[in-house]
Amino acid sequence: MAAAESKPPAGAAAARRLARSCWSAFWDYETPKVIVVRNRQLGVVYRVVQLLILLYFVWYVFIVQKSYQDRETGPESSVITKVKGITSSEHKVWDVEEYVKPPEGGSVFSIITRIEATPSQAQGTCPESTRVTNATCHSDEDCVAGELDMLGNGVRTGRCVPYYHGDSKTCEVFGWCPVEDGASVSQFLGKMAPNFTILIKNSIHYPKFQFSKGNIEMRKDGYLKHCLFDEASHLYCPIFRLGFIVEQAGENFTELARTGGVIGVIINWDCDLDLPASNCNPKYSFRRLDPKHTPASSGYNFRFAKYYMINGSTTRTLIKAYGIRIDVIVHGQAGKFSLIPTIINLATALTSIGVGSFLCDWILLTFMNKNKVYSHKKFDKDSTLTDPRGLAQL
């Protein structure tokens, strides 16, 4: 009796079928099939989706965003400033050389509006300020000799001495005496400060497009000597009154002058270089930059000292200055027509219109009553063309 023929295992047959199907999928060709579905609601959805996509690309992408342009952000910029004006306090007249710090005319500078001066400070011993932690004492045992408090005014000598005024006592320190709180004199400089004028000279350059421009009008008739900035009539006269800057930032000048603060002058250069250069103009805006509603750090102040010699010993006047700091910030972007971004965005727009077909197909295959009929007509598999001889008959 002949031996029965051995059959291949079922797993091997399944593997061969899977391999044939994968190989067939690799060589198969798929072509779109057009089916006209006479459904008014679906047709309206299809056209509305196409219209919305078209409007988005035409209005927002090409008109608003100008995506047909090559762009450059962050221009190269230089800023030169100059302040003019005089003011007076209770004791003296102040000019620019005294109330503008630093005097170099850069993009960041401070205009002093109030000072607390401690005159005639010299190296010696004196009572520590009551504002320093653990400075108050009752006897010498409360003061440790040689102790140095980083927030204090000097090195403690170990003695407990009477304070400058009142009945309290503080630890004695060696340093610049008298300390600031003990003998400071306040002076307000803000009386005429709103009328100070500030010239802000700004030049920008976009290296990608080799485009440069400045914010001063090129005239030879002494125009800058008698003009003030006005957005409508004197856009290219960048001379601003300090009071105007503070007002545009929404601040009260008297309050700001007493506590100090930081005001930003923002110059924006948004330039469409497909238009003439005269259409590229600076836009100015003003706002306060420091957190004025934070009690722990509200206002703006700094200290500096003026040194001189008296009878061969070094003496100084310590000044705590409150002022309005001006930060000139320049930014912008430039754009010019370029073929590459135009082609990319046109291709994206044409491709996105196909979203309408995808959406309507999904509705037909998922929610319509005759979705199986549509699916059968939508996806056909023609096996008669698998033979090359069948292709030859086409």
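Cβ atoms here come from the backbone N, Cα and C positions, even for glycine.
Predicted automatically and left uncurated, TrEMBL annotations should be read as such.
The following features are taken from TrEMBL:
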TRANSMEM  44-62  transmembrane segment
BINDING   LYS82, VAL83, LYS84, THR197, ASN301, PHE302, ARG303, LYS320  ATP binding site
DISULFID  CYS126-CYS177  disulfide bond
DISULFID  CYS137-CYS160  disulfide bond
DISULFID  CYS143-CYS171  disulfide bond
CARBOHYD  ASN195  N-linked glycosylation site
DISULFID  CYS227-CYS237  disulfide bond
DISULFID  CYS271-CYS280  disulfide bond
TRANSMEM  346-368  transmembrane segment
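Positions of the features from TrEMBL, shown on the structure.
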residue : record                      : CB count, 10 Å
LYS82   : ATP binding site            : 14
CYS126  : disulfide bond              : 24
CYS143  : disulfide bond              : 23
CYS160  : disulfide bond              : 19
ASN195  : N-linked glycosylation site : 14
CYS227  : disulfide bond              : 16
CYS237  : disulfide bond              : 19
CYS280  : disulfide bond              : 18
PHE302  : ATP binding site            : 14
ARG303  : ATP binding site            : 11
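Counting other C-beta atoms within 10 Å of each candidate's C-beta, the binding-site residues LYS84, LYS320 are led by LYS320.
All chains included, 20 other C-beta atoms sit within 10 angstroms of the C-beta of CYS177 (disulfide bond). For ARG303 (ATP binding site), the nearest neighbour among the listed disulfide-bonded residues (CYS160, CYS171, CYS271), judged by C-alpha distance, is CYS171. Using CA atoms as reference points, the binding-site residues LYS82, VAL83, THR197, PHE302 were checked against CYS137 (disulfide bond), and the closest is PHE302. Across the structure, VAL83 (ATP binding site) and CYS177 (disulfide bond) are spaced 35 Å apart at their Cα atoms. Looking only at the binding-site residues LYS84, ASN301, PHE302, LYS320, the one with its C-alpha closest to CYS271 (disulfide bond) is LYS84. Fewest other C-beta atoms within 10 Å: among the recorded positions VAL83, CYS137, CYS171, CYS271, that description fits VAL83. Within 10 Å of the Cα of CYS143 (disulfide bond), the following recorded positions from the list LYS84, CYS160, CYS227, CYS237, CYS280 place their own Cα: CYS160. Nearest to ASN301 (ATP binding site) in space, judged by Cα atoms and limited to the disulfide-bonded residues CYS160, CYS171, CYS237, CYS280, is CYS171.
Ranking the disulfide-bonded residues CYS126, CYS177, CYS227, CYS280 by Cα distance from THR197 (ATP binding site) puts CYS227 first.
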